[in-house]
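S.K.: Would you mind keeping the following structure in view while I ask a few things?
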Amino acid sequence: MQLQIIALKSIHHRTREKTDKMEENKATRKLRVCVATCNRADYSKLAPIMFGIKANPDEFELEVVVLGSHLIDDYGNTFRMIEQDDFDIGSKLHTIVRGEDEAAMVESVGLALVKLPDVLHRLRPDVLVVHGDRFDALALATAAALMNIRILHLEGGEVSGTIDDSIRHAISKLAHYHACCTRTAEQHLIAMCEDHTRILLAGCPSYDKLLAAHHRDDYMDIIRNWLGDNVKEHDYIVALQHPVTTDIKNSVKIYELMLDALISFNKRTLVLFPNIDAGSKEMVRVMRKKGVEQHPNFRAVKHVPFEQFIQLVCHAGAMIGNSSCGVREAGAFGTPVINLGSRQTGRETGENVLHVRDADTQNKIYHALDLQFGKRYPCSKIYGDGNAVPRIMKFLQAIDLDEPLQKTFCFPPVKEWDISQDIDHILETQSALAVDLGGTNLRVAIVSMRGKIVKKYTQANPKTYEARIELILKMCTEAVIDAVHLNCRILGVGVSTGGRVNPQEGVILHSTKLIQEWSSIDIRTPISDALHLPVWVDNDGNCAALAEKKFGHGKGVENFVTIITGTGIGGGIIQHNELIHGSTFCAAELGHIMVSLDGPECMCGSRGCIEAYASGMALQKEAKRLHDEELLEVEGMVDLKKAEFVSAIHLINAARLGNRKAEAVLRTAGMALGVGIVNILHMVNPSLVILSGVLAAHYQATVQQVIGQRALTSAQSIQVLTSDLEEPALLGAASMVLDYTTRRIY
């Protein structure tokens, strides 16, 4: 018996040692990642990830496989740029069967499938990283899946034209993990029954590089190197058109029309050769037939290094063609784009893209060039915010190689959008950057999708335009940096400001007297250019209404009015769930509704406005009058002689302590506001009135009473509520970002 016990203890000890050793090996083992690149375009997306893997040698081993058009002289032998980036290429596979037609594409896939098994068997990667929707990538994914190698697919779930859609979705079905660029793409993957816990909403890796590198001092040297010494910034065109494999004849015709239009448009143009898809040979033949390579206005090239291509696109007067770069990367710079034909149908685009889907005449393309050339648009981050690679590194580190290799599919239901990013290893809060420009303070806040103010920044509002813009950009930049550490993803910037605003153009037309040097100001452009984020602008009254609609009493209410009672009187009107701006953007100037023909003078220059009776400034004026007449102080009040100045608060405190004169002033102010609101009820007939601001609670009862006495019978039952929101201006600014995006799907 004793021998049995000893034997059992020995077995237990050996088992424990073996388990501890396995755990130790698991903790110290590096993840072997193979990145396979097929062409110049996918390398621009894969290179940032390769640099990220190389920068973490304790976590990863990097293997690089090069195949496809990288190794073809006619397409620039672009494998050399990989070597120039100091990556060791483990294998070069010549997989392209020349012919540039449908049969050649099929034969190329077959040749790749013949050659890949030996390479993958030799490298034995834990994970193969595959990008996009090329036929070469389909061969890679097929070989890896059949050889039981885990696959991470980049840019799955997107929608475009041609056979690329089918190839992309086929790769997604073979892949075990997904790093997608947009929330819509994420939703498509979930709808395709992919496991949401294996989907990372990362953004496009190329944005990490282009957002960090496009501000270069030597950009004009790069432009002149490719286009000649006489070219100027924003005065040239970048053209990049690829064949559409499902409609080769028409795509070649569009290419010919595009070249004719560019020749007629008479601007310096950089033309890049098309990719290797079926139909490219015919397109090159058209280009040479028209003498593009000898034309003085044209430079035809097979390849431009990505860092230089960024500069060329960023500073171009326009980009034309059907490359995904036009609908993706160009938006980050606000570069105007003319997208021709059907190749990018379904892609999410920013407002910088003008589509010419039925590009059947030279005149139509010329007209599109004329409309777009030289414009600048707000920078868009639909496809990324510059932080994709750190997210992908975390995603790779979290892969558990002990998990079953067999994929499981999540058949219905489709997961709801607001919880689809619940990924254990990276959980980011979708957030907005809110800016509130008040008469006294300038405030910036990071606001989450649920209306939580994650962090707030406050500074005194400078008196001059230059100092104010500088401070806004400084505070916003600080907040964007902090957002990364707070695990918040900033979707855009919302700006709330006093005065009359054109929200369509992002321009402050006329400011209040409280904010100096703040009229005819384009606030959207400098913020968008500095942060590379979309920007929305509206006045503080409208923002208060939007805040109530998303986070407050107005949630779910189709028609309501919000009135701000503060230093001034303002507000916003929601009608049929939409904010009313008016033909000249002065709708809902509620503070300037006249309630008396001979009332007190208002700051707008008129008399008898609500603001002249019920605003904080009006109450302060009355408080000072009573104080000068020694009629303000009552027993229990702080000695006003010790106060620096008399304010509306002193008037309210005096009324609370029984001062009849102060009570009369507040009653008159409340009645004036009530009469104005009755006029509003009779004009737009809302179902709810929300009073917001510091004076709301003091007016609510009086306003409800005036409505009951003076409104039409049909309007007397309309309820008046005081807002529960502490920061309506910031929350309203945030709601513009969270509810109204720039994404347009075609």
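The chain as shown is numbered from 1 upward.
Positions of Cβ are set from backbone N, Cα and C atoms, glycine also.
Those TrEMBL annotations? Automatic predictions, nothing curated.
Pulled from TrEMBL, these are the listed features:
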- 58-396: domain 'UDP-N-acetylglucosamine 2-epimerase' (DOMAIN)
- D540: active site (ACT_SITE)
- H592, C602, C604, C609: Zn(2+) binding site (BINDING)
S.K.: How many other Cβ atoms sit within 10 Å of the Cβ of C609 (Zn(2+) binding site)?
M.R.: 28
S.K.: Tell me the Cβ contacts of C602 (Zn(2+) binding site) under 8 Å, same chain only and six or more apart in sequence, or just say none.
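M.R.: For C602 (Zn(2+) binding site), the qualifying residues are H592, G608, C609, E611, A612.
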S.K.: Using the alpha carbons only, what distance in Å do you get between D540 (active site) and C604 (Zn(2+) binding site) once rounded?
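M.R.: Cα-Cα, rounded: 17 Å.
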S.K.: For the recorded Zn(2+) site, enumerate neighbouring residues of the same chain (Cβ within 8 Å of the Cβ centroid of H592, C602, C604, C609, site residues themselves excluded), in sequence order.
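M.R.: Other same-chain residues near the Zn(2+) site: G591, M594, M603, G605, S606, I610, E611, A612.
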S.K.: Across the whole of the domain 'UDP-N-acetylglucosamine 2-epimerase' (58-396), what does the mean pLDDT come to? Round it, please.
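M.R.: Averaged over the domain 'UDP-N-acetylglucosamine 2-epimerase' (58-396), per-residue pLDDT gives 90.
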S.K.: The residue listed as 'active site' has how many other Cβ neighbours within 10 Å of its own Cβ?
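M.R.: Looking across every protein chain shown, the total is 26.
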S.K.: Please work out the number of neighbouring Cβ atoms within 10 Å of the Cβ of H592 (Zn(2+) binding site), leaving out its own Cβ.
M.R.: 20
